[in-house]
């Protein structure tokens, strides 16, 4: 009975907060801005973003308002990712999460204590609308891994762009479990949807982002973690009273490099990373590109690989042009030759023994032999003359 009362009281507080936000939460929000302006004024939220265009980094920054991005998971990484894209002026955001804000989340970024009890997508939407009312938001408070919700999730990423009926430009995975990652992977492979995956380790000191283009790069099932490859139920790995570590610093770094990769991909500047890792212990950022697995367990991935091969074969082949190096001073009118100061016999004598190596392997250099009983040449002659006599001779020179 006590639990039921506590649940009802929490629900009442949640409804009161929603009512308060609906009444006055947006009163101080600025008016919508129809077009981005490079004008440098205190009231222009886009002036510093438009400076990227003036400095030659981005050709057409205003294009960002035409893009739609779906974010699955609005937790430590996803909420900060949504905030960054909102501040950058993205056209539309689709947010998917079924969890609620808890006080245990306060060690992370974005959410505030007074939002405890609200669903993450609702709390995020209220905050993000106040940050930038120019962005359109569509939120879904459900678990995408259930059958019905999965079908709806696929429908929204296929038809939920700014222009209804068009697919989103990018899907971002910011979830914290393999089941949800595999659900996103399955949907994107079936639809041919480009997406980016992100994650933070359980010890909170490393993370990664990965760009996945179906058929062109490895999907999440091509090289799955052990927990997926061995068909282990990850729920059995969690114990009562035990949770993963969480640092706002690591999550902020991962969210930052994820959004940076998103901006480079959408606005076509810089080099887009297929995989970028982060090791906080050594400040190490490894990068790599992973090719798809021809024996991938996902049949849609294998199908996308075949489609990509056909597409590549249809592209006209570009012939590589090899330029011959020009010979400088080909004519040697003066008969100049390069002569070594060391003869071959002297070189062999100075070289160390050549080790016994297999056929085809040679050494770049050998260790010189150590000559024994070497004495330095005498450069100082002994004399019975005094120091004063020697100084007098020096003055007379």
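Glycine too: its Cβ is placed from the backbone N, Cα and C atoms.
Feature list (source: Swiss-Prot):
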- 76, 97, 120, 143, 177: ATP binding site (BINDING)
- 219, 222, 296, 301: Zn(2+) binding site (BINDING)
- 243: active site, glycyl thioester intermediate (ACT_SITE)
- 327-339: motif 'UFM1-interacting sequence (UIS)' (MOTIF)
- 340-370: region 'Linker' (REGION)
- 382-397: motif 'UFC1-binding sequence (UFC)' (MOTIF)
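Between residue 97 (ATP binding site) and residue 219 (Zn(2+) binding site), the C-alpha separation comes to 22 Å. Confidence over the region 'Linker' (340-370), given as mean pLDDT on the 0 to 100 scale, stands at 69. Sequence-distant contacts of residue 301 (Zn(2+) binding site), defined as residues of its own chain at least six apart whose C-beta falls under 8 angstroms from its C-beta, comprise 189, 214, 215, 219, 221, 222, 292, 293.
Around residue 76 (ATP binding site), the C-beta neighbours below 8 angstroms that are at least 6 residues distant in the chain are 105, 108, 109, 200, 246, 248, 251. DSSP assigns residue 177 (ATP binding site) to coil in the three-state reduction, outside any helix or strand.
When each of the binding-site residues 120, 177, 222, 296 is scored by how many other Cβ atoms sit within 10 Å of its Cβ, 177 comes out lowest. Broken down with DSSP, the motif 'UFC1-binding sequence (UFC)' (382-397) shows 10 helix, 0 strand, 6 coil. Residue 143 (ATP binding site) counts 16 other C-beta atoms within 10 Å of its own C-beta, drawing on all protein chains shown.
Using a 10 Å radius centred on the Cβ of residue 219 (Zn(2+) binding site) and all shown protein chains, the other Cβ atoms total 31. Here the Cα atom of residue 177 (ATP binding site) is found 20 Å from that of residue 296 (Zn(2+) binding site). Taking every pair among 76, 97, 120, 143, 177, the residues recorded as binding ATP, the greatest CA to CA distance is 17 Å. Taking CA atoms as the reference points, residue 296 (Zn(2+) binding site) and residue 143 (ATP binding site) are 26 Å apart.
DSSP assigns residue 301 (Zn(2+) binding site) to a helical segment in the three-state reduction. Each of 185, 189, 218, 220, 221, 292, 293, 297, 298, 302, 305 belongs to the same chain as 219, 222, 296, 301, is absent from that list, and has a C-beta within 8 angstroms of the C-beta centroid marking the Zn(2+) site.
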